Amino acid sequence: MAAEGSTQQRRRVMAAASAASTSGAGRCRLSKIGASRRPPPARVRVAVRLRPFVDGTAGASDPPCVRGMDSCSLEIANWRNHQETLKYQFDAFYGERSTQQDIYAGSVQPILRHLLEGQNASVLAYGPTGAGKTHTMLGSPEQPGVIPRALMDLLQLTREEGAEGRPWALSVTMSYLEIYQEKVLDLLDPASGDLVIREDCRGNILIPGLTQKPITSFADFERHFLPASRNRTVGATRLNQRSSRSHAVLLVKVDQRERLAPFRQREGKLYLIDLAGSEDNRRTGNKGLRLKESGAINTSLFVLGKVVDALNQGLPRVPYRDSKLTRLLQDSLGGSAHSILIANIAPERCFYLDTVSALNFAARSKEVINRPFTNESLQPHVLGPVKLSQKELLGPPEAKRARGPEEEEIGSPEPMAAPASASQKLSPLQKLSSMDPAMLERLLSLDRLLASQGSQGAPLLSTPKRERMVLMKTVEEKDLEIERLKTKQKELEAKMLAQKAEEKENHCPTMLRPLSHRTVTVAKPLKKAVVMPLQLIQEQAASPNAEIHILKNKGRKRKLESLDALEPEEKAEDCWELQISPELLAHGRQKILDLLNEGSARDLRSLQRIGPKKAQLIVGWRELHGPFSQVEDLERVEGITGKQMESFLKANILGLAAGQRCGPS
C-alpha cells in the first residue's frame, strides 16, 4: 500500500510539473507571437504546356523534339549527344491533347481562394514567340483561357462571400497595362502616357495614376477588358503573324471590409501576366521598329533570368530595378504572392533551342521561394471619433488644456453656449453619417450602452450648470489678463530697443552713414609701381653727384578731407608711383649684351632663365653668326621664343643695372 501511495504521489508531481512547463511554454509562445513568427514559405509552382503542331510551320511533318513521360515530367533530345535525352520534372505537364479547362483547373483555380484571405497571387505565361502564351491566357470564344475563367470564378466567389448576412463586404476592381519598350502604358486609358512604378513604406509595388475600374459581374469585365485588349501592341514577324510586342499585365484587386467589430480590412491582388516571347532576330527577320521592340523584349527577359538566379543563389542584391518588368514582378518572384509559372513550348525542331532555354528557365524558377502573408489592417476612420469622444468627456478647462494651439485657433463651440446633454457629450457617432448602415446600427447600440454607463462615472457632467458657468467665466478672465500682459511686455521691449539705438548714435559720432544714404563711387585704377633694387637705391643716395631722381612725386590729387567726410574708397587710393631712369635701363642692357658676346657657357648660365642647353645654343649661334648687335637678337637663336625673351629681360636687366656681378669670373 505504501508503494502504491508513493507511486501515485510521484505521478501527481510529474503531472503538475508537466502542466507548469506546458503553461510556461505557452506563455513564451504567446509573448513572441507576432514578433518572431514569419510567414510560411511557398515555392513558385511551375507548369509546362506543349502546344500541338501548327499547320504551315517548318518541320510540321517531322517527329516532335519533346515528349511527355507522365503528368509531371518530360524529356527532350540532347543536342550534345543524340543518343541521350534530357529529363525535366515540374509540378505539372500538359501535353498536346490538354484543354484550356485542364490547365485552369489543375494549376490556376486552386490559388484564387488565397485572394479572399487577403493574400496576393500571380500567374505568368512564359515562352518563346509563337509557343501559345496569349492563347493560354486569353483563349478564344469557344475555348476561353486563364483570364476569363479566373475572373468568372473570382466574381462568383466574391458574390457568395460578400452576400448579405456574411461577415465581410467585398468589392473588385481591375487595371490593365502593358510594358512596351520599357514604358508602362495604361490600356484602359491610352492617353495617360508613360507611368512610373513606386514602392510604398510597407514594400508594396504600386503605379500612381493607373486606371481602376470597379466590376461586379463578368459583363462589366468584358465591357472594359475587350476594348483595352485591342490597344495592346502587336505586330507580324516571320514566325508569328500576331506577335505580342509588349508584356501585358491584368491586375485584379479584391477589397474586403468587415461588417462587425473589430472592422478589419483586407486587400488581395491577382496578377495575370502574358509575357512577350523571346525572339531570335536571325529567324524572325526583324528590322527597324521590330528590331528595336525585339531588343527591349529580350533585355527584359534577360533581367528576369538574372532575378531568378540571384534569388536562387541568395545574393544580397536582386536586380529588380534593372527592368520595368522585374520591378512590377517583385511581389511575384521572391515576394509575397502565390505564383504560378506556365512555360509554353513548341514541338517543332526549329524551336529546339528556344524550347531548351524555356525549360531551363522554368527549372530555375521552381526553386524560387515566396513568403505570402495576409494584408490586413483596421479601418482608420473608426478610431477617429473615439478619440474625439475622449476629449469631449473632459470639461471646458480640461479640454482647453488638452487641445493644441492650432485647435484653439480653429476653435470649437462658443464657451458661453449652453452645454450639451450627457448623451450628446458621450456620443462617438457625430461624424459617422456616411458609414455603412449595418455598421452604423451596430455602433448606435454600443453608443447607447456607453451613454448609460458613462453618465454615472463622469464627475464633470454631474457638476451643476451654474458652477460650470462660473468656472468658465474665470478661465476667460485669466486668458484676457494674460493677453494684456503679453501686449504690455511687447511695448516695453520696443522702448528698450529704441533707447539702445539712441545711445549708440550718441557715443559713435564717427560711425559710417547707413548704406541707404551712402553714395557709391568707383575707385580709380591704381597706377603700377616699378620697384628698384635696394642696392641701386643705396648707391645713388651715396653718390654726391647723383642727379637721378628715383622717386618722382606726382603730387597729391587733392587735399585730404576730414575723417568724417572721407570715403573708404578714397582712402585706398595711393598717389605715388615708382619710375626707373632710362640711363639705368640702358646701362643694364649694355652689360647683358657684353656678357652675351664675351661670356662662356658657364658665365651665361649665371643669367636668369638661361640653362645649360640655352647657353650652348647661344655660344653656337655666336660662333656661326658673330657677336650680337643688340639684346633683342637673342630671339634669333633657335629655341628661344619672343615670350622667353621678354621674361629674360625682366628677370636680368634690373639686377645687372644695379651693379651685380655678371661678368666672367
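If you go along the chain as it appears here, the first residue is 1 and each next one adds 1.
Here the Cβ of each residue, glycine as well, is placed from N, Cα and C on the backbone.
Annotated in Swiss-Prot:
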BINDING   G127, P128, T129, G130, A131, G132, K133, T134  ATP binding site
COILED    465-508  coiled coil
COMPBIAS  412-424  compositional bias 'Low complexity'
CROSSLNK  K465  SUMO2 cross-link
DOMAIN    43-368  domain 'Kinesin motor'
MOD_RES   S412  phosphoserine
MOD_RES   S427  phosphoserine
MOD_RES   S452  phosphoserine
MOD_RES   S543  phosphoserine
MOD_RES   S562  phosphoserine
MOD_RES   S581  phosphoserine
REGION    1-20  region 'Disordered'
REGION    393-424  region 'Disordered'
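Cα of T134 (ATP binding site) to Cα of S581 (phosphoserine): a span of 99 Å. Taking the centroid of the Cβ atoms of G127, P128, T129, G130, A131, G132, K133, T134 as the ATP site, the other same-chain residues with Cβ within 8 Å of it are R51, N240, G277, N344, A346.
Of all the binding-site residues listed here (G127, G130), it is G130 whose C-beta has the fewest other C-beta atoms within 10 angstroms. For A131 (ATP binding site), applying a Cβ distance below 8 Å and a minimum sequence separation of six or more within one chain yields R51, G277, N344, I345, A346, F351, D354, A358. In sequence order, T237, L239, N240, S243, A276, G277, S278, E279, T284, D354 constitute the residues six or more apart from T129 (ATP binding site) in its chain with CB-CB distances below 8 Å. The two recorded residues, G127 (ATP binding site) and S581 (phosphoserine), show a Cα separation of 95 Å.
Neighbour counts were taken as the number of other C-beta atoms within 10 angstroms of each residue's C-beta; across the binding-site residues P128, G132, the minimum falls on G132.
Here the recorded positions are T134, S581, and the one whose Cβ sees the fewest other Cβ atoms within 10 Å is S581. Mean pLDDT, taken over the coiled coil (465-508), works out to 81 on the 0 to 100 scale.
Reduced to three states, the DSSP call for P128 (ATP binding site) is strand.
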